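Working notes for the structure below.
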Amino acid sequence: MAKIKIGINGFGRIGRLVARVALQSDDVELVAVNDPFITTDYMTYMFKYDTVHGQWKHHEVKVKDSKTLLFGEKEVTVFGCRNPEEIPWGETGAEFVVESTGVFTDKDKAAAHLKGGAKKVVISAPSKDAPMFVVGVNEKEYKPDIDIVSNASCTTNCLAPLAKVINDRFGIVEGLMTTVHAITATQKTVDGPSSKDWRGGRAASFNIIPSSTGAAKAVGKVLPALNGKLTGMAFRVPTVDVSVVDLTVRLEKPASYDQIKAAIKEESEGKLKGILGYVEEDLVSTDFQGDNRSSIFDAKAGIALNDNFVKLVSWYDNEWGYSSRVVDLIRHMYNTQ
């Protein structure tokens, strides 16, 4: 069986984890990485040792030369181009490019990869104009003529499957979401300048920081039935990985909390198996580290005020779960061609 050949632009948190997911997949082959800011020996070090996800234990990673990494026997070509138009993806056979720099998130900028020979681009961030797909929710709307897509955000990937189940079964009149979100790379280690978001410039390890998120509104893009019905905000908290969504909704059809739990459990074992999880144990955030599902509903943590108004809680490994979906979306696009 032919493998799906992928390239990664930007070897940061998501880029490296997408590489880990790809290298553990039988049907996906990582053929190239582009990052103008990291040398091959430093790439090897950053890939091998990860504070959150631990040391890479699968096969040896070493530098063959300044343009090639070896993952076991597998050669991966390394480029160092600042301009995405100049990356020769075609030379390596990379059909799908994961755009994970966080810089080229709109359609025009991401399209630069096509000039170098890539066939499709998956942006690992929300995009203002590229179509957004959340696996398990709306990926079936992808058509083979779409060349540039967004995998939305980690929070949208957690929220959308849960919101879909609730809306399909009971109907959502309106809702508010809060994500209690782990630290990410854009935050500061100590107080520093952040002109657009003053609170975001405060020390990440010492503060609970209220922040904005477009995740709830983005659900309206992947689930048009919920457009204008959800909004939300974030609290950035001093943990390094794993976040949790609190979705509070008013229901159209009255339902007891037990009925809601049963519906979510059923979907988690059916159509959304592997995407939506369901737990009844007394778990905490670190218990979900390395969980590759998008959203794990915590049956014990939620609470209903009455049969029309309910708070639902769902966990997600905002790094590993999201990176797993990037690769799943590529698989879906490949199989749809």
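These residue numbers are counts, starting from 1, taken along the chain as shown.
Note that Cβ sites are derived from N, Cα and C of the backbone, with glycine treated the same way.
Copied over from Swiss-Prot:
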type: BINDING; residues: Arg13, Ile14, Asp35, Arg82, Asn318; note: NAD(+) binding site
type: BINDING; residues: Ser153, Cys154, Thr155, Thr184, Thr213, Gly214, Arg236; note: D-glyceraldehyde 3-phosphate binding site
type: ACT_SITE; residues: Cys154; note: active site, nucleophile
type: SITE; residues: His181; note: site 'Activates thiol group during catalysis'
Those recorded positions of Arg13, Asp35, Arg82, His181, Asn318 having Cα within 10 angstroms of Ser153 (D-glyceraldehyde 3-phosphate binding site): Asn318
Cβ atoms near Cys154 (D-glyceraldehyde 3-phosphate binding site) (within 10 Å, other residues, all chains): 27
Shortest C-alpha distance to Cys154 (D-glyceraldehyde 3-phosphate binding site) - which of the recorded positions Ile14, Asp35, Arg82, His181, Asn318: Asn318
Top Cα neighbour of Thr155 (D-glyceraldehyde 3-phosphate binding site) in the set of binding-site residues Arg13, Asp35, Arg82: Arg13
Candidate with sparsest Cβ neighbourhood (10 Å radius) among Ser153, Asn318, the listed binding-site residues: Ser153
Listed recorded positions (Arg82, His181, Gly214), ranked by Cβ neighbours within 10 Å, top entry: His181
Cα proximity to Ile14 (NAD(+) binding site), best match among binding-site residues Thr184, Thr213, Gly214: Thr184
Distant-in-sequence Cβ neighbours of Thr213 (D-glyceraldehyde 3-phosphate binding site), under 8 Å, six or more positions away: Ser153, Thr155, Thr179, His181, Gly232, Met233, Ala234
Pairwise CA distance, Gly214 (D-glyceraldehyde 3-phosphate binding site) versus Asn318 (NAD(+) binding site), rounded so that it is a whole Å: 15
CB within-chain contacts under 8 A for Arg236 (D-glyceraldehyde 3-phosphate binding site), separation at least 6: His181, Ala182, Ile183, Thr184, Gln187, Gly200, Ala204, Asn207, Ile208, Ile209, Ser211
Cβ-centroid neighbourhood (8 Å) of the D-glyceraldehyde 3-phosphate site, Ser153, Cys154, Thr155, Thr184, Thr213, Gly214, Arg236 excluded: Thr179, His181, Ala215, Ala234, Ser243, Asn318
Annotated NAD(+) contacts Arg13, Ile14, Asp35, Arg82, Asn318, maximal Cα-Cα distance (Å, integer): 27
Count of other CB atoms lying within 10 Å of the CB belonging to Thr155 (D-glyceraldehyde 3-phosphate binding site): 26
